[in-house]
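Chemist: Encoded as structure tokens, here's the structure I'll be asking about.
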């Protein structure tokens, strides 16, 4: 029995099982359909292959603390007492799905921040953030998310992860459509920010954004509000990246190139259950619940 993996676009995954040993050579099914399916599988998989970090990104700061190796398939950022490091995409994107696998700084990462985000430029920039706030050995990372529209953020949600992000690579994804922005971890949705322009809330939809990532020292705030400082005796601190993939969406289309309906319709039933599970058990801060922060009333998007 041969198991073939058919990837459509960058997202939909199907398993095609062919009982080759039971097919008669004289069968029309054997003679036409099976080779055609195999051809589709091979050509589609080639089209979906991830690019090279050499082709897709520029190392922008930190000198040799930022490195690309393994023939362009692996990238690392390092931080020491002198400097951190960072990279950015060569290309800008206006709507799409961005996937990247990261393995975060292991051990005592207190004071460090690994940022992975989309951003435009200028005082009225838009931005979609993943930030991983380091912690003492044995204590969990905090995944900090935020969205800036026209230069204004203050839309933070924070989470613990349900795994150790330093032991293995995990996939962190952003889906950006005119209707909503979705954050996913290993294809599990953790946050959905809906377009609320009808309520007067700006939404990122006009400014193309590049992908950025950096590893830097933020011990004035990152760990327990700055109470725990970076232990430079543990430097250099290093994070790793692989399997970058970008799928662009048309701004006029409600369905992605892959035809994945659950994304066009935000979430299917299973994904809604997963989102509720994450937000019930792993969310540790939500600006929409912070009445002390907004004494004049919660932001409009929180009241819908």
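Backbone N, Cα and C atoms are what each Cβ position is placed from, and that goes for glycine too.
So TrEMBL lists the following for this protein:
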DOMAIN    27-241  domain 'GH16'
TRANSMEM  33-54  transmembrane segment
ACT_SITE  127  active site, nucleophile
CARBOHYD  135  N-linked glycosylation site
Chemist: Return only the integer: C-alpha distance in Å from residue 135 (N-linked glycosylation site) to the residue listed as 'active site, nucleophile'.
Modeler: 25
Chemist: Give the number of CB atoms, excluding that of residue 127 (active site, nucleophile) itself, located within 10 Å of its CB.
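Modeler: If we count other Cβ atoms within 10 Å of residue 127 (active site, nucleophile), we arrive at 19.
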Chemist: Averaging the per-residue pLDDT over the domain 'GH16' (27-241), what integer do you get?
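Modeler: Average per-residue pLDDT within the domain 'GH16' (27-241): 90.
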Chemist: For residue 135 (N-linked glycosylation site), just count the other CB atoms lying within 10 A of its CB, please.
Modeler: 19
